[in-house]
């Protein structure tokens with residue numbers, strides 16, 4: 001049984017990795033899409049379409065998982081990812097957009113169900129390690145998309161990449177079908193599944209923390225190239241410098257999971273990482289050594305990922321996790337949608353991208369008292385998961 005749960009994690013890693021590849025496929029193939037007649041406005045729409053359903057479908061996805069089981073929900077969501085990929089093969093603009101919407105909806109619900117599955121199967125210190133590996137699948141998928149898809153499109157044409165993405169989504173579905181067994185569910189679970197009171201507030205606070213930290217980290221990719229061009233970098237040099245953060249995070253996220261699994265609790269790791277990341281983000285516009293700072297951001301920002309993802313599971317028992325994870329992701333997606341809009345408005349008002357990094361640094365710092373609020377709510381929660389003593393949050 002202990003070996004099987006790692007096979008489950010491997011299958012979920014594959015599913016999340018495929019999601020990352022589907023999402024990044026537009027960015028990875030941008031020059032070829034431009035040559036194919038898709039302008040920048042439509043490219044932005046395609047990028048946004050994949051994650052646009054996030055706020056709307058996370059909570060319903062959690063409720064569906066609570067009613068029908070997380071395995072069935074996971075398989076259905078992977079089927080949506082595959083069907084979305086198949087629709088994209090048609091090649092028309094309408095097919096491309098609708099396929100992205102469908103695949104993105106499946107990917108988002110898959111993430112909710114997968115996180116619940118991991119929380120059910122991994123307890124104690126193993127959960128941080130498992131969550132870190134699952135979180136790492138997203139940047140891994142993005143990296144694979146950047147490496148594989150452009151050369152594939154140049155060798156075999158754009159349709160080959162769409163066929164490939166649909167194929168690997170089908171492979172992820174087959175993997176989940178083979179390696180993820182049905183979970184035992186009590187009959188009373190569905191009627192007692194909605195988190196309430198301090199538990200509900202703690203889950204919302206954890207979602208806010210996750211959304212803020214991720215939005216601050218994403219600033220590097222969203223506004224980093226623009227800032228570096230302002231500092232005199234060429235567009236290619238700026239892109240290369242920013243990409244370092246992605247490659248460093250591929251190493252630091254699992255390393256952070258290992259570190260968190262060996263510490264008494266996640267609190268110290270999260271706070272220290274947030275402080276260091278805030279300092280590095282604030283320094284980027286003001287210091288010439290941008291490459292070294294981006295290396296530092298990639299290493300530091302990835303370390304607390306697994307530890308942060310254990311937080312909602314610490315206040316929910318198995319009956320409330322499906323809907324609770326839906327609430328957690330609804331809140332985090334809302335923050336991740338709103339924060340870059342705020343950054344863009346600030347940058348437009350003073351005509352420089354410097355303020356976006358300052359806002360990201362402030363977000364990292366604000367996340368520390370938000371973590372403190374979570375700990376306070378966890379202490380006052382009657383529904384706290386007893387496999388995680390509150391003292392372990394220190």
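Cβ from N, Cα, C; glycine included.
What TrEMBL records for 8-379 is domain 'Major facilitator superfamily (MFS) profile'.
The transmembrane segment annotation in TrEMBL covers 45-66 (among others).
The feature transmembrane segment is assigned by TrEMBL to 73-95 (among others).
The annotation transmembrane segment is assigned in TrEMBL to 101-119 (among others). Panel annotation: around the transmembrane segment (101-119), residues 8-9, 12, 15-16, 19, 22-23, 49-54, 57-58, 61-62, 64-65, 70-71, 73-74, 76-85, 87-88, 127, 130-131, 134, 169, 180, 183, 309, 312-313, 316, 321-322, 325-326, 328-329, 333 of the same chain, lying at least six beyond its termini, place a Cβ under 8 Å from a Cβ of the stretch.
As annotated by TrEMBL, transmembrane segment applies to 131-151 (among others).
Sequence-distant contacts of the transmembrane segment (163-181) (same chain, at least 6 residues past either end, Cβ-Cβ under 8 Å): 4, 7-8, 10-12, 14-15, 18, 21-22, 25, 71, 74-75, 78-79, 81-82, 84-86, 88-89, 103, 117, 149, 152. Per TrEMBL, transmembrane segment is recorded for 163-181 (among others).
Residues annotated as transmembrane segment in TrEMBL: 193-213 (among others). Sequence-distant neighbours of the transmembrane segment (193-213) (same chain, 6+ residues past either end, Cβ-Cβ under 8 Å): 66, 274, 301, 304, 308-309, 311-312, 315-316, 319-320, 322-324, 327-336, 339, 363-364, 366-367, 370-371, 373-374, 377-378, 380-384.
Taken from TrEMBL, the feature transmembrane segment covers 233-253 (among others). Residues 132-133, 135-136, 139-140, 142-143, 146, 220-221, 224-226, 290-291, 294-295, 297-303, 305-306 of the same chain, all 6+ positions outside the transmembrane segment (233-253), place their C-beta atoms under 8 angstroms from a C-beta of that stretch.
Sequence annotations record features per position, and here TrEMBL assigns transmembrane segment to 265-284 (among others).
With a threshold of 8 Å between CB atoms, the same-chain residues lying at least 6 positions outside the transmembrane segment (290-311) that come near it are 115, 127-136, 206, 209-210, 213, 216-217, 220, 224, 228, 231, 233, 241-242, 244-257, 259-260, 266, 269-270, 273-274, 276-277, 280-281, 283-284, 374, 388. Look at TrEMBL and you will find 290-311 (among others) tagged as transmembrane segment.
Taken from TrEMBL, the feature transmembrane segment covers 323-342 (among others).
Here TrEMBL flags 354-378 (among others) as transmembrane segment.
Residues 22-23, 26-27, 38, 73-74, 77, 96-97, 100-101, 103-105, 107-109, 112-113, 116, 189-190, 193, 322-330, 333-334, 336-337 of the same chain lie 6 or more positions beyond the ends of the transmembrane segment (45-66) yet place their CB under 8 Å from a CB of it.
Contact counts against the transmembrane segment (265-284), taken as Cβ pairs under 8 Å, peak for 354-378 among the stretches 131-151, 323-342, 354-378.
Long-range neighbours of the transmembrane segment (323-342) within the same chain, counting only residues 6 or more positions beyond its ends whose Cβ lies under 8 Å from a Cβ of the stretch, are 51, 54-55, 58-63, 65-66, 108, 111-112, 115-116, 119, 193-195, 199-200, 203-204, 206-208, 210-212, 214-216, 218-219, 222, 312, 316, 359, 363. Cβ atoms under 8 Å from those of the transmembrane segment (354-378) belong to residues 198, 201-202, 205-206, 208-209, 212-213, 215-217, 219, 222-223, 227, 230, 267, 270-271, 274-275, 277-279, 281-282, 284-285, 311, 314-315, 339, 342-344, 346-347, 384, 390, 393 of the same chain, restricted to positions at least 6 beyond its ends.
Per-residue confidence over the domain 'Major facilitator superfamily (MFS) profile' (8-379) averages 89 (mean pLDDT, predicted model).
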